[in-house]
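Asks: Take a look at what TrEMBL says about it:
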DOMAIN    B:217-422  domain 'ABC transmembrane type-1'
DOMAIN    B:515-705  domain 'ABC transmembrane type-1'
TRANSMEM  B:53-73  transmembrane segment
TRANSMEM  B:80-101  transmembrane segment
TRANSMEM  B:121-143  transmembrane segment
TRANSMEM  B:155-177  transmembrane segment
TRANSMEM  B:221-243  transmembrane segment
TRANSMEM  B:255-277  transmembrane segment
TRANSMEM  B:297-324  transmembrane segment
TRANSMEM  B:404-421  transmembrane segment
TRANSMEM  B:452-477  transmembrane segment
TRANSMEM  B:521-541  transmembrane segment
TRANSMEM  B:553-572  transmembrane segment
TRANSMEM  B:641-664  transmembrane segment
């Protein structure tokens, strides 16, 4: 008894709207602009934004940039391995970059700027079979709250051994190596300095003084700055960053020697904007690109020898850097073993 | 004659022959040779590119066309439509899963059928439309055979909801389950699954016997029980104060109930740190005035417990106020006329009637606490719970998705278990005392002791909550909270700066990108959530069909799945063909639609149960179809429920964190994920400024939606109040 | 334009409706003539409402065939049947005005707005509610709401108009008026109507024919008079009009009447078509008269004791004890009532007694 027109009208209202929703829901939205370069960024967010803007200005290529911790970035790249959505992984400690290289997630690429780079940057390139390269270096060290130290009349820590002093009881923060690349670097550094058994003895004693294993590597620096804790084990540039921001903090390098990270850049295998990815890679190795760090108060050592070294940056020459074996401690196997041991012997001990 | 089938059939042909079959055709290197021309449909691709497996899809389409066009076959039409729809759908699904980017998706398929030179991408518009067409041809066939009272709309709606739940709830959860037994090399082994599920750091009870920390499950459960008890007591106190005392500022209590809904889950943690952290305002004051040493007690169980209690008390209050209001005053008046004193009345009548509500409130808080991610992430310190452990199993240095999946299964079981207990409680112990008859009694006042206790608990807590929120709003304007409290707009400028460039306005603030994405996602997902939820509610309340109980359970399932597990499962399931969504805005929208749908369903069910069924039956007998009935009769009467689900899904899309932290991508970053990153970096100023902006934004939007949808115009009858119900984060 | 009738007949052929293991309607067959008002009468749960809803298309028959106007509509959903219904709760759409309510069916069927409005006005006038169009349903009284519901169902000129206990929400006085109005309207427009009620008095008052249902099956079909005077079974006898049921024995029959022995008495009843032997006598309360006096004239009555006597103005109600069991009597003689405790003689009028199977 109803006219066809009426039928269609009613169908058009209800089912049509629903179906439109459903079709929409299973149809991936088209990328906003073809050729947008997708970058996972492992440094401070300000720097991420700055280098993206600088690159866009120079090349005209739009950049979608997201800050991710090293672990998050690696997890994402791994999850997307079958069908990558990311083009470049820029910044963050060299270890996970090596891991990605080892798993074949990233692409080998030879840069014409290779010869202009510091030897440590080149070594990252060699160890990764060309799949990754250093863009900055940062040494591991301590940061401490000068105001609190002064108030309590405590000497600033200068050596790893100082951290075991009873006056630091419950006053030290370091990240959880299971979550943070920074803390894993610290763990591997200690193992390389003291030998594995002694290193774990040290960590057990240190555990008495640690009030919290944070999730992010730079969180202890922020905590020290806000007087939440006295001392933090961090990459020194993170501490300097807080100092520049006006907090009563200072940094020091351990006297026994210390490890360092090689902040790296890798191109993701299967990138759909390979040319743009290479352009970004080159830009981030150039003195111009590396200057964006200092512009945003990030004081890592740049890897290009021609790049200006910010005066605030910790001078790597004056720091006792150990001969960090990235090859060995970068493998998934060794990493898993050390982390499991850390979990079993340190983390599980209640405090 | 049967235009609806004909329309869907036509759309099926469009999807098959005209629209691009694959998503993003041509951009994927694995898709060689690329589909030619702008068409790239299954028909063209199958004929010219050697993707022969797409061609059989034509078969059911031809069959359906034959029975629709030829009058001689009319009698067989429903059966043929059913069969061809089912076959088409099955074929699309099977080929989609069997053939991946580089040929056969699994090795054994290659061994069975020989190697395949070509692969294929994920479903695109064509595949989606054709699949949808098959689905509706199938359900039309069902209806034609007399199922669902012959109502094509009902059959189609049930089919659509079921298909969507299968694709976006079951498929991902299935991936998680199989992922937990992943051997690392792509295989599945029960031993690996067992080892992961039984890992000592999950279950050990060593904190009882020696100086070691206990397993993460016990931490989670202990925290959840404590939170459940605390929030239930507070919620009860609030409800008693609101309903059973002469308390005047009841509006204020209403505001209190809205707050947690519009607050990103970790914001309270921030405020708590600013107050009670070692450098917090309260801590410093205590230290200055009373010489209490500043400590870090807030990081760990006490802090998480405090913030969760702050966050979930209002939900408990919402549950409890319904229960307390529902107790018919005449019952208590009856007890009093039977010479019971106030206290005895409370003890023997009021309290037993409230008990199921108390249990319900406890269980909701229990589930919320188990699923909470943001607060333990920020305040947990060394106190580990399942939700954060799952997160770090994925993003941590060990990077073990299998372990994350195993932990996810445990968390899922805990939540489902609690959910099941809650349903049992609700099902068997509902003492609804609100009948159709008006109850003219006056709520009796509380016994003195209980009244004092309720006030003493509720008022300080309410004051505390408001102080915290005041702090959040204020904190965004201070230079550096705790160190330098001079006022500044610095953080707001950093987040929301605007500048003029040669090309016009530049959104130069750091927060704009994530804010725009967030609003886009929320604005798109809210109406979809409301539509799917209310449609499902309509099916549940108004249609009776076989398996309705199971259907209801399925729709509620995603309610009980914690956000972290959803996040993991989505990234596992939707990163490769046939459904390839990672890195798109669509995955965020879908995630929100299916996470928030259960609340929409509940709101719809509650409201629809109050609309006399004879109204829609009457509309049917007057010649209106199901669709017209819904549009002209049910929807206008459902306005409060529509408002509730629109508001809820919009707001939840803005405030969720746990599910989406894995799904955000550089192109589509969400506000909460961005803020959590800022907090982790210690950039509290920006985080707080951004959070306050979100809270203000959401309040405005809620007001706007309320205004836009308006009130029901039904004369003297009062509009039905619909309460928002929280759900696990 | 005026409201006409497209009245059509309804036929059920062996229709059943099952829900899982329970059967709501069991193998029911009947025919309703076009233009008749037929009542489905029975206690709650007898299947009468389910039967009505199957006519409307709101329930689907599990088996059997339903014809309306000679057309098979068994599988046709409610929307596509030309049947309208007046609901027990009236089911007025609370968010629409009275006029919009009445015009609803026309609008959704694609009638132009102006025509629909005109027809709605006409419909409202027909039920005596002209000028109420712009009110909301909640602003009307119960009786007025009822009329709106009727008008709304009428304007679609349905083949069959269904009433589902339409008067149960009204008070006694209004109910009587409304039922007369409905009957008048139905006869004026020549509508086919099916009317569900559990109130036998209402059924007797409005119906052309009554279908009595009990326990999912039809107990008896007939005109009100047939059902009252010649009930076919114990259920119908008791349900319609009420009856004293006492044991008797059928002893003979001649020309349409049968003779039944009750103790020493013999009574004539319409021939029930039962074999001779034990039967049940259904005696209407008003078929018994009480007489005080000597026992010598006991030849035409049975001796009883008055247990209870109630004065109700227009008549007396008595509760009696006799050798055949307790009896309930309605006696129009209020001038000389028999007091409680007295002994009396109960005699039987010629009419109002039926024999049914035991």
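Quick reminder: no glycine exception, Cβ is built from N, Cα and C everywhere.
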Asks: Sort out the residues at least 6 away from either end of the transmembrane segment (B:404-421), same chain, that have Cβ-Cβ distances under 8 Å to it, and list them.
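Replies: For the transmembrane segment (B:404-421), the sequence-distant neighbours (Cβ-Cβ under 8 Å, at least 6 residues beyond its ends) are 173, 176-177, 179-180, 182, 193, 196-197, 199, 202, 216-217, 220-221, 363, 366-367, 370-371, 386-387, 389-391, 393-394, 556, 559-562, 564-565, 568-569, 572, 728.
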Asks: Excluding the flanking five residues on each side, which residues at least 6 beyond the ends of the transmembrane segment (B:221-243) place their CB within less than 8 Å of a CB in that stretch?
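Replies: Contacts of the transmembrane segment (B:221-243) (Cβ under 8 Å, skipping residues fewer than 6 from its ends): 250, 253, 256, 301, 304-305, 308-309, 312-321, 323-325, 354, 358, 361-363, 365-370, 383, 385, 414, 443, 446, 450-451, 453-455, 457-459, 461-462.
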Asks: Other than its close neighbours in sequence, what residues sit by the transmembrane segment (B:155-177), given a CB gap under 8 Å and a spacing of at least six beyond its ends?
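Replies: Here the qualifying positions are 135-136, 138-140, 142-143, 147-148, 405, 408-409, 412, 532, 535-536, 538-539, 543, 545, 551, 554-555, 557-558, 561, 565-566, 568-570, 572-574, 579, 590, 593-594.
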Asks: Most CB pairs under 8 Å with the transmembrane segment (B:553-572): which of B:121-143, B:521-541, B:641-664?
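Replies: The listed stretch sharing the most Cβ pairs with the transmembrane segment (B:553-572) is B:641-664.
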Asks: Short question: which residues 6 or more past the ends of the transmembrane segment (B:80-101) have a Cβ under 8 Å from it?
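Replies: Residues 5, 12, 28, 30-31, 53-54, 56-57, 59-61, 63-64, 66-68, 73, 109, 116, 119-121, 123, 127, 130-131, 133-142, 144-145, 576-579 contact the transmembrane segment (B:80-101) from elsewhere in the chain.
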Asks: So which residues does the transmembrane segment (B:521-541) touch in its own chain, when a touch means Cβ under 8 Å and the partner is 6 or more beyond its ends?
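Replies: Sequence-remote neighbours of the transmembrane segment (B:521-541) are 154, 157-158, 160-161, 164, 548, 551-552, 555, 585, 588-589, 592-593, 596-605, 607-609, 630, 634, 638, 641-642, 645-646, 649-651, 653-654, 668, 670.
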Asks: May I ask for the residues of the chain that lie six or more residues beyond the transmembrane segment (B:297-324) and have a Cβ under 8 Å from a Cβ within it?
Replies: 219, 222-223, 226-227, 230-232, 234-236, 238-240, 242-244, 253, 256-261, 263, 265, 268-269, 272-273, 276-277, 280, 353-354, 356-358, 360-362, 364-365, 368-369, 372, 375-376, 379-383, 385, 461, 464-465, 468, 723-726
